[in-house]
Amino acid sequence: AARWAPAPVPAAAALTLLLSLGASAPGLLRGAPAARSAAALRPAALRAGEVYRLITYIFVYEDLISLTCGAIIIWYFAGSFEKNVGTVKHCFLTMAFAVLSALLYLLLEPIVSRVSEVEDAKGFMPVAFAMLGVSTTRSRMKRTFFFGIRVPVVLLPWFMLCIAWFIPHSSLLSNLCGLVAGEAYGLGYCFCLDFPESVGSKLDRVFPFSLLKRIPGLKYIPGSSAERRAFENS
């Protein structure tokens with residue numbers, strides 16, 4: 001009789017999950033909000049020279065509910081995106097989308113804060129919206145189902161943005177910035193972020209990606225589309 005085995009987790013998505021747990025768990029266990037926000041995106045901290053927050057904020061969560069929602073989002077959106085572009089490009093675009101979303105957030109925050117309170121940017125959701133924006137702008141589908149209703153694919157991220165508004169400690173402004181960055185990339189306005197598949201194939205063979213390939217239980221996605229198709233067929 002055949003045994004059921006769990007499907008391997010995409011390598012970069014699994015790494016993002018581990019980093020999120022490592023960054024958030026100590027503060028959650030201590031119950032110290034200040035400690036948990038030590039890596040969140042705050043304009044005052046950036047002005048003080050803490051530029052690492054342009055990336056680290058995507059791994060920070062305020063409470064267990066937010067962390068659980070973040071884990072599901074990483075599992076679904078990051079995992080699907082990685083399968084389409086490869087592990088190397090996924091890692092690169094995750095950092096690029098994090099920085100682009102953060103810069104746009106920092107640009108708009110002083111304006112929006114005059115009329116409404118703005119939540120600090122934290123968690124993977126802005127990057128997830130960027131990935132969703134890329135997927136929908138480049139999709140060949142015209143319509144899809146959303147809660148049983150057929151809607152244009154291009155509107156799907158905006159419906160999701162409204163739903164994300166109700167997730168605890170979710171920043172509407174940072175999610176919007178992520179979506180705008182992803183759609184700009186998907187429409188070709190950020191072509192400088194693209195690199196040839198041959199570069200991705202070469203990076204597959206160097207550290208740390210060569211190490212990710214050897215970790216049991218992780219599914220490393222090759223940088224070449226031809227290799228990805230062969231990998232899936234096998």
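Backbone N, Cα and C atoms are what each Cβ position is placed from, and that goes for glycine too.
Taken from TrEMBL, the feature domain 'Peptidase S54 rhomboid' applies to 49-189. Residues or ranges marked as signal peptide by TrEMBL: 1-24. Positions annotated as transmembrane segment by TrEMBL: 55-78, 90-108, 144-167.
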Calculate the per-residue pLDDT averaged over the domain 'Peptidase S54 rhomboid' (49-189) and state the result as an integer.
87
For the transmembrane segment (144-167), sequence-distant contacts whose Cβ falls under 8 Å of one of its Cβ atoms, 6 or more beyond its ends:
66, 69, 125, 129, 132-133, 136-137, 175-176, 179, 182-183
Treating G and I as helix alongside H, and B as strand alongside E, what does DSSP give for the domain 'Peptidase S54 rhomboid' (49-189) in helix, strand and coil?
95 helix, 9 strand, 37 coil
